[in-house]
Amino acid sequence: MPICDWNNFIKNPTAIAIMGPTASGKTALALALADYLPIEIINVDSVLIYRDLNIGAAKPTDAELAQVPHHLINFLGQNESYSVADFVTDAQRIAKEIFARGKIPVLVGGTMMYFNALTQGLSDLPSADPSVRARLQAEFEESPANLHAKLQAIDPQAAARINQADQQRLIRALEVYEISGHTLTSLQHSRSSAWTFPLVKLVLMPASRQALHEKIAQRLEGMFAAGLVAEVASLAQQPEHDPDSPAMRSVGYRQVLDHFAGEYPEALVFEKALVATRQLAKRQITWLRKEDEAAIFDPYSVSEDTLTQQVLEHLTLNCKNIA
């Protein structure tokens with residue numbers, strides 16, 4: 001493999017992004033790169049930010065976290081909110097600090113809204129208003145269809161994108177309009193970004209859907225064997241627990257909570273979580289197919305060592321281009 005001075009990434013500050021659907025091996029690749037590059041990892045996963053969500057989040061082990069510095073992980077309680085704007089601001093600040101330490105920031109995760117905000121910018125959306133949100137929540141519980149009809153009347157484009165069962169997005173779209181007087185669609189057309197560093201994008205995209213589904217099932221089986229149901233039960237007993245918080249709407253956690261609420265028996269929890277995880281992977285892949293200037297690698301067609309070498313070869317080319 002051609003030799004490259006990795007300091008080029010630091011002299012001309014350029015970050016690396018490792019993106020991919022769930023169970024595609026993003027963390028493993030990042031840790032493998034740490035053996036060759038001076039890196040620190042910035043988490044781009046909206047579940048790993050929560051301290052007490054471990055098993056269902058597929059959080060890196062303590063040994064893995066100790067192997068290379070990780071940022072934006074394990075810093076929020078389960079009921080705390082964290083916006084996309086918060087992420088962009090924090091990621092920019094941390095990346096700047098990493099470059100100053102003579103390291104390369106590697107952004108790793110599958111929360112595509114976060115990556116999209118970095119590369120495409122942020123809409124100037126108002127902050128949440130608890131009183132407005134509580135009222136809209138009550139309206140949703142009374143009739144999701146009526147609330148969706150309200151959105152259809154004021155923002156047809158948003159209504160076409162948002163299913164009436166999507167409580168979080170439906171309420172947020174109406175909340176934005178009530179607070180700002182502008183529709184969500186109009187505000188999203190005006191974007192700005194606090195992220196200033198070029199990104200070398202690495203996309204882990206399994207060519208075989210069946211292989212991806214098998215990996216997802218294997219990982220989910222491991223989560224249940226490790227005590228996912230007990231973890232969710234423990235979270236539900238915490239004083240700050242809110243079953244409708246973003247953390248508790250995460251795949252896996254949501255399905256266990258629905259079982260606790262009596263929506264289906266324990267025997268169906270695994271299958272419900274499996275279907276939800278596959279749907280998540282499908283949405284992630286849809287986002288990833290829109291990524292431009294990204295190098296795509298099939299993580300299942302080669303060994304982990306070969307994949308690492310393929311990625312290093314690609315990074316070497318970019319290393320020379322940014323010199």
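Just so you know, glycine gets a Cβ as well, placed from its N, Cα and C.
Please treat TrEMBL annotations as automatic predictions, because they have not gone through curation.
Pulled from TrEMBL, these are the features on record:
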- Gly20, Pro21, Thr22, Ala23, Ser24, Gly25, Lys26, Thr27: ATP binding site (BINDING)
- Thr22, Ala23, Ser24, Gly25, Lys26, Thr27: substrate binding site (BINDING)
- 45-48: region 'Interaction with substrate tRNA' (REGION)
- Thr111: site 'Interaction with substrate tRNA' (SITE)
- Arg133: site 'Interaction with substrate tRNA' (SITE)
- 168-172: region 'Interaction with substrate tRNA' (REGION)
- 282-289: region 'Interaction with substrate tRNA' (REGION)
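Shown on the structure are the features that TrEMBL records.
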residue: Gly20; record: ATP binding site; DSSP (3 states): coil
residue: Gly25; record: ATP binding site; DSSP (3 states): coil
residue: Thr111; record: site 'Interaction with substrate tRNA'; DSSP (3 states): coil
residue: Arg133; record: site 'Interaction with substrate tRNA'; DSSP (3 states): helix
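Of the recorded positions Lys26, Arg133, Lys26 has the largest number of other Cβ atoms within 10 Å of its own Cβ. Taking the centre of the Cβ atoms of Gly20, Pro21, Thr22, Ala23, Ser24, Gly25, Lys26, Thr27 as the ATP site, the nearby residues of that chain (Cβ within 8 Å, site residues left out) are Gly110, Leu204, Pro299. Using DSSP to sort the residues of the region 'Interaction with substrate tRNA' (168-172) gives these counts of helix, strand and coil: 5 helix, 0 strand, 0 coil.
Take the mean position of the Cβ atoms of Thr22, Ala23, Ser24, Gly25, Lys26, Thr27, the recorded substrate site; other residues of that chain with a Cβ within 8 Å of it are Gly20, Pro21, Ala28, Gly110, Leu204, Pro299.
Residues of the same chain lying 6 or more positions beyond the ends of the region 'Interaction with substrate tRNA' (168-172) and with a Cβ under 8 Å from any Cβ of it are 128, 133, 136-137, 140, 144, 147-148, 151, 162, 184, 246, 249.
By the criterion of other Cβ atoms within 10 Å of the residue's own Cβ, the least surrounded of the binding-site residues Ser24, Thr27 is Thr27.
For Gly25 (ATP binding site), the count of additional Cβ atoms within 10 Å of its Cβ stands at 18 [all protein chains shown]. Residues near Thr111 (site 'Interaction with substrate tRNA') in space but far in sequence (CB under 8 A, at least 6 apart, same chain), listed by position: Val44, Asp45, Ser46. Cα to Cα, Gly25 (ATP binding site) and Arg133 (site 'Interaction with substrate tRNA') are separated by 37 Å.
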